[in-house]
């Protein structure tokens, strides 16, 4: 044991709680949306994509971590580590790029930079494909030799190896690629879209260009997506910050808890998206009841 057995027991209990909550709420989101035709809108396709991403994390990552925490180390070998790291990375990245697509959709629908543009089912499907392709370009490289997945923190889950700088894995280039393409760029797009969106909402309200009902509906949807983005940042920014600090301070000593806490706090992202969707979408709640 790297830390006390009680810490592994607490970790296992925490993962069990995430599975107990994360699987039902994400499955419920998928089931209710697919069951009720009026919920099958282009925007909701992207929200369904978030639920699928969260289920990847729950089924492919959380169950594995709960099992390994009972043993005090990662007992599933190289293949198990690759699979767990892949599913966790893929799920987190699909969620991030889905939020990018949602931000662009909100900007186009509210800001109207393209006249007479409607966000249709085809656009939503393109957005889904885009999110999966971009997520794969982050999750697949460690499987084929550009960096690798290794047990991290308390050695109960696997993530990308950004701290050993082992020879032959081009650690520096992948970490710079990951932080630039899969963190800074998507967040910059999100902040740009919502910055422009806030300006558009204020201008429309001042000019009374649209009916009050339409404005209220667009504001509610935009507020829901903004809260999802804030939730993503709250969950993943500590992990990204610690990972970057470790990468930039090679040789510095840090304990297993230092890396474990932000990594497992980030996993709560599999719960908050469906809860936000359920709590802030009246139409969904009515269909669910």
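FYI, residue positions are counted from 1 along the chain as it appears here.
Just so you know, glycine gets a Cβ as well, placed from its N, Cα and C.
Feature list (source: Swiss-Prot):
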DISULFID  81-158  disulfide bond
MOD_RES   267  N6-(retinylidene)lysine
TOPO_DOM  1-7  topological domain 'Extracellular'
TOPO_DOM  33-44  topological domain 'Cytoplasmic'
TOPO_DOM  68-81  topological domain 'Extracellular'
TOPO_DOM  105-123  topological domain 'Cytoplasmic'
TOPO_DOM  145-173  topological domain 'Extracellular'
TOPO_DOM  196-223  topological domain 'Cytoplasmic'
TOPO_DOM  246-257  topological domain 'Extracellular'
TOPO_DOM  280-289  topological domain 'Cytoplasmic'
TRANSMEM  8-32  transmembrane segment
TRANSMEM  45-67  transmembrane segment
TRANSMEM  82-104  transmembrane segment
TRANSMEM  124-144  transmembrane segment
TRANSMEM  174-195  transmembrane segment
TRANSMEM  224-245  transmembrane segment
TRANSMEM  258-279  transmembrane segment
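Beyond the transmembrane segment (45-67), the same-chain residues lying 6 or more positions past its ends with a Cβ under 8 Å from any Cβ of the stretch are 11-12, 15-16, 18-19, 22-23, 26-27, 29-30, 33-34, 75-76, 80, 83-84, 86-88, 90-92, 94-95, 98-99, 101-102, 105, 121, 124-125, 127-128, 131, 135, 156-157, 228, 264, 267, 269-271, 273-274, 277. Around residue 158 (disulfide bond), taking its Cβ as the centre, 30 other Cβ atoms fall within 10 Å, counting all chains. Most Cβ pairs under 8 Å to the transmembrane segment (174-195), among the stretches 82-104, 124-144, 224-245, belong to 82-104.
Counting only same-chain residues 6+ beyond the ends of the topological domain 'Extracellular' (68-81), those with a CB under 8 A from a CB of the stretch are 1-2, 5, 8-9, 11-12, 15, 149-151, 154-158.
Taken residue by residue with DSSP, residue 267 (N6-(retinylidene)lysine) is part of neither helix nor strand, so it is coil. With a cut-off of 8 Å between Cβ atoms, the residues of this chain six or more beyond the transmembrane segment (224-245) that come close are 50, 92, 95-96, 99, 102-103, 106, 162, 179, 183, 187, 190, 194, 258-259, 261-263, 265-269, 272-273, 276-277, 280-281. Under DSSP, residue 158 (disulfide bond) is assigned to a strand (E or B) in the three-state scheme. Mean pLDDT, taken over the topological domain 'Extracellular' (246-257), works out to 79 on the 0 to 100 scale.
Within its own chain, the topological domain 'Extracellular' (1-7) has Cβ neighbours under 8 Å at 72-73, 154-155, 255-257, counting only residues six or more beyond its boundaries. Only residues 6 or more beyond the boundaries of the topological domain 'Cytoplasmic' (33-44), in the same chain, are considered here, and those with a CB under 8 A from a CB of the stretch are 102, 105, 119-121, 123-124, 221, 283-284, 287.
Cβ atoms under 8 Å from those of the topological domain 'Cytoplasmic' (280-289) belong to residues 28-29, 32-33, 35-36, 38-39, 220, 223-224, 227 of the same chain, restricted to positions at least 6 beyond its ends.
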